[in-house]
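Engineer: Shown below is the structure under consideration.
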Amino acid sequence: MLAAALRRCTAAAAARGLLHPVSAPSPAAAVCSIRCYSHGSHETDEEFDARWVTYFNKPDIDAWELRKGMNTLVGYDLVPEPKIIDAALRACRRLNDFASAVRILEVVKDKAGPHKEIYPYVIQELRPTLNELGISTPEELGLDKV
């Protein structure tokens, strides 16, 4: 039944002249598209960090933007710098979102992967912020044993 409906729609579109054969792009267009992607400025590590710190320091950030930012940041092949995590934790505190703060710390531990020295370093750098904001680590909450 669906196939018959699709054939009728295709036949009607062809009768009205809406279906045109797609021509292959010319070789010049293919070369141009390749060249267009080879240029552009590359973001330095400092610019990357500043962009994310600014994002999380927005005074009007809401819970959705916080989660979107963290999901995007986690998608990169890196462990975020402590100053980015600090800004994200402060955003969680402004939103009174303790669960997201703990989840951010869990994600940092997960992103560190087999490099066991990264997560303790990040926690060491964030310890003053964690104490100031009253945020417990997943280990302090016993979540690492679950």
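Each residue's number is its place along the chain shown, starting with 1.
Cβ coordinates come from backbone N, Cα and C, glycine included.
Heads up, here are the entries from Swiss-Prot:
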| type | residues | note |
| --- | --- | --- |
| MOD_RES | Lys83 | N6-acetyllysine |
| MOD_RES | Lys109 | N6-acetyllysine |
| MOD_RES | Thr137 | phosphothreonine |
| MOTIF | 2-16 | motif 'SIFI-degron' |
| TRANSIT | 1-37 | transit peptide |
Engineer: For the motif 'SIFI-degron' (2-16), provide the mean pLDDT of the predicted model.
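Structural biologist: The average pLDDT of the model in the motif 'SIFI-degron' (2-16) works out to 55.
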Engineer: Would you identify which of the modified residues Lys83, Lys109 has the most other C-beta atoms lying within 10 angstroms of its C-beta?
Structural biologist: Lys109
Engineer: About how far apart, in whole Å, are the alpha carbons (Cα) of Thr137 (phosphothreonine) and Lys109 (N6-acetyllysine)?
Structural biologist: 10
Engineer: Using Cα coordinates, what distance in whole Å links Lys83 (N6-acetyllysine) and Lys109 (N6-acetyllysine)?
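Structural biologist: About 16 Å separate the Cα atoms of these two residues.
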Engineer: Look up Lys83 (N6-acetyllysine) in the DSSP assignment and report helix, strand or coil.
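Structural biologist: Looking at the DSSP assignment, Lys83 (N6-acetyllysine) belongs to a helix.
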